[in-house]
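Per Swiss-Prot, the features are:
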BINDING   Gly246, Pro247, Thr248, Gly249, Ser250, Gly251, Lys252, Thr253  ATP binding site
Amino acid sequence: MSLLPYAWAKAQRALLRPGEHGATLLVSPRTPGWAISEVRQRHAPASLESVRDDELDTLLASAYSDTGSAAAVVGAAESEVDLDRLMDDIPEVTDLLDTQDGAPVIRMINALLTQAARDEASDIHIEPFETHSVVRYRVDGALRDVVAPRKALHAALVSRIKIMAQLDIAEKRLPQDGRIALRVAGRPIDIRVSTVPTGHGERVVMRLLDKQAGRLRLETLGMAPGVLAPLDNLIRQPHGIVLVTGPTGSGKTTTLYAALARLDASTSNILTVEDPVEYDLPGISQIQVNARIDMTFAVALRAILRQDPDIIMIGEIRDLETAQIAVQASLTGHLVLATLHTNDAVSAVTRLVDMGVEPFLLASSMLGVLAQRLVRRLCTHCRVEEDGGWRAVGCPACNQTGYSGRTGIHELFVIDDEIRRLVHQGRAEQDLREAARAAGMRSMREDGERWIASGSTTLEEILRVTRDA
């Protein structure tokens, strides 16, 4: 935290950092002399330190990203709501810390977004009830309460968010979807906004997409060597289908992005069809579906097949038409990467057959299926060892949850010649699973044993995320 307003500190290239023995004034070669004199006169810093200009940017972002405590803003906002300020126009992309607007509702929303980014929340829920509202963050896959504003503040919060997302603030009877692009402490954040009417007002969910998070590599996703090496071999095949399966929020898209980043976009024509485009991938053409204008997955896929693609990524195979186009594309010399909603890897074959894809086509086109879940990591500050394992406790570092961060557990179903023969014959799912196990496939629960042994998570956490697997 600093004692100087962020906009002034950024413009004048000065950071006043409190310390045990007095404040330190950090400056760069671009800091004007009059600004140094003014800070010295007003705050009497104990010392002066010069840093590189780019280093000062990093220090500014770090210091001021901790000033947006949502709970600290709620009290002031509840007592002074200025609805007229909600209609103020805002720039298309802005850094929240640059905002000098004093309207309490705007300050509160800025604080909520800043704190969510700092806590690495994936979603913000704003839920209305009879006497109050509740704001919750989803962190590491679990929801937790953040603040509970009075009910009188709810409509103002929703209206401001709808303005930021360019939604119709007068329409309160129908669901609406929008998008906000902004920066928080220098980090580009894309926010998908969804509103739905309820009996006590509009409910809002904001999905936060940190664009820098899309630069992950497969090696950082927690895959065992016995999964990473064969998966790397699958995605380097010239044609065929590789699927990633799991429930919503299990990291499927992140895995596909990491796989695409592993491939050479300079020598291959890589195109994606997504709903929505979550992260920008350099060197890759990304297409977003739009149901309002009938730009469906199937329509987009037919179009990109005329774009001379080498590799195609499909955000999700949702229907027979999309599945058939994906299969035909793989049979005509294209590598297709896609996601599918199934509980485990083997059931992906059953799901596609149930959709209406012929087994002989799947046998000819499929290369493999990766199923995955995300498990919470134990907080290293407070975990305790007992009975040969580890237990979550809770401390300030992990917001009393006992967990901090997540990692993946996986099972990789490689379609070898024997399994290909079984698929062609239309054999039962259990026969495919037995053949895969005989070939060395490990289940997600078995994969999770290594994280339990290393003290990274607990047996309860592995069982929680694999109940349906």
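A Cβ is built for glycine as well, from the same backbone N, Cα and C atoms used for every other residue.
Of all Cβ atoms in the shown protein chains, 22 besides its own fall within 10 Å of the Cβ of Gly251 (ATP binding site).
Every protein chain shown contributes to the tally, and the Cβ of Pro247 (ATP binding site) ends up with 15 other Cβ atoms within 10 Å.
Cβ neighbour count within 10 Å across all protein chains ranks Gly246 highest among the binding-site residues Gly246, Gly249. Of all the Cβ atoms in the protein chains shown, 6 others lie within 10 Å of the Cβ of Thr248 (ATP binding site). Lys252 (ATP binding site) carries a helical DSSP state (H, G or I).
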